[in-house]
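One structure is given below, encoded as structure tokens.
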Amino acid sequence: MLQQRIFHSLIKQVRSASAARGAPKALTPGVLFPRVQRRSKSIGLPDAREQTLVAVKPDGVQRRLVGQIIQRFEQRGFKLVGLKMLQVSEELLSEHYCQLRTKPFYPGLLRYMTSGPVVVMVWEGHNVVQMSRTMVGHTNPTEAQSGTIRGDFSIHISRNVVHASDSLEGAQREIQLWFQAKDLLDWDCCDRASTSEI
Ligand code: TYD
């Protein structure tokens, strides 16, 4: 009985305080506090569908770093839309690295990149091309900051664990080179309101 009286008096107090604030009449007995309203109109970030290509190179696969690398992109908030493991051909690599064919390190790069399987992925999200490059770190691990993938997992430029496209145009070209459109999934992430809408 006493509890009932306290409950009703509490409701009265909350109602009169709400009326004084001009609050909506959503308050009903049993609901002491109005629910926090979800914004009904959110809009997608302008480049929320931006995509980039990330590859774990043969040394990363051999050293069982695939899981840790995927985790970094997942926890950052990006969405995985394509993933495969493959033994790369020299033809594909010479297309991928077409701008480096004349470099002295190119033959060694080809040997390294074909020395074992790679895991190649397409990640999607706001500003993903630039952010992936920052997450991957400097090409030369000697100069890569701690906290970046190369800065944490590698010590030499010729074994730098991971690749990420360096520009929007590069990303589009590389994604088309490594994946067929049918292998990229268009799916809704349940946390998209937190990662790709404003
Ligand atoms: P590059 O496209 O210049 O760098 P990034 O991978 O950061 O986009 O070079 C491609 C790869 O070539 C690089 O990841 C490692 C290899 N490489 C060497 O082995 N020696 C070198 O001197 C350079 C510049 C690159």
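First residue shown is number 1, and so on along the chain.
Placement of Cβ uses the backbone N, Cα and C atoms for every residue, glycine included.
Whatever TrEMBL says is automated annotation, not expert-curated.
If you look up TrEMBL, you'll see His163 marked as active site, pros-phosphohistidine intermediate. As annotated by TrEMBL, ATP binding site applies to Lys57, Phe105, Arg133, Thr139, Arg150, Asn160. Marked as domain 'Nucleoside diphosphate kinase-like' by TrEMBL: 49-186.
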Filtered binding-site residues, from Lys57, Phe105, Arg133, whose Cβ is under 6 Å from an atom of ligand 1: Phe105
Around the Cβ of Arg133 (ATP binding site), the count of other Cβ atoms that are within 10 Å: 17
Cβ-based isolation winner (fewest other Cβ atoms within 10 Å) among the recorded positions Lys57, Arg150, His163: His163
Site with most surrounding Cβ atoms, counting all protein chains shown within 10 Å, from the binding-site residues Thr139, Asn160: Asn160
Inter-residue C-alpha distance, Arg150 (ATP binding site) and the residue listed as 'active site, pros-phosphohistidine intermediate' (nearest angstrom): 10
Secondary structure at His163 (active site, pros-phosphohistidine intermediate), reduced by DSSP to three states: strand
Counts of helix, strand and coil residues, the domain 'Nucleoside diphosphate kinase-like' (49-186), according to DSSP: 62 helix, 28 strand, 48 coil
Listed binding-site residues Lys57, Phe105, Arg133, filtered to Cα within 10 Å of the residue listed as 'active site, pros-phosphohistidine intermediate': Lys57, Arg133
